[in-house]
Amino acid sequence: MSESSPLTSHVLNTADGVPAARLPLSLHRLDPRIMTWTLLSVGTTDEDGRCAGLVSGDAFGPGMYKVRFEAGAYWESLGQSCFFPYVEVVFTISEQQQRVHLPLLLSRFSYSVYRGS
């Protein structure tokens, strides 16, 4: 997928004040008929903690989505443990051309997420 993906994310390790590089994540869409999540794509943050290109504009239509950030795997790769093994962010898209940026501020014992610009 290209850098012009309508969904981007930026993960920051707030405990160490650095980008959360090489953090695995996945994008899922809810099938409202059977109320189950369908995996759309997987990715990994780059050295700057960013992950773009998870989905194309054509595939990112109205509906409910979630991004699952694998926090436990990230902290384990640093030789540390954490309280939250993963962070799931669920959000709704109401328009076909909608763009979403999800910054995640992450430490070993807390997290915060918001809709960025």
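Placed from the backbone N, Cα and C atoms, the Cβ positions cover glycine too.
Annotated in TrEMBL:
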type	residues	note
BINDING	H10, R50, Y114	substrate binding site
DOMAIN	2-116	domain 'Transthyretin/hydroxyisourate hydrolase'
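Summary of the substrate site environment: with the site residues H10, R50, Y114 set aside, the chain residues having Cβ atoms within 8 Å of the Cβ mean position are T8, S9, V11, L12, G49, H101, L102, P103, L104, G116.
Counting residue by residue with DSSP, the domain 'Transthyretin/hydroxyisourate hydrolase' (2-116) contains 7 helix, 54 strand, 54 coil.
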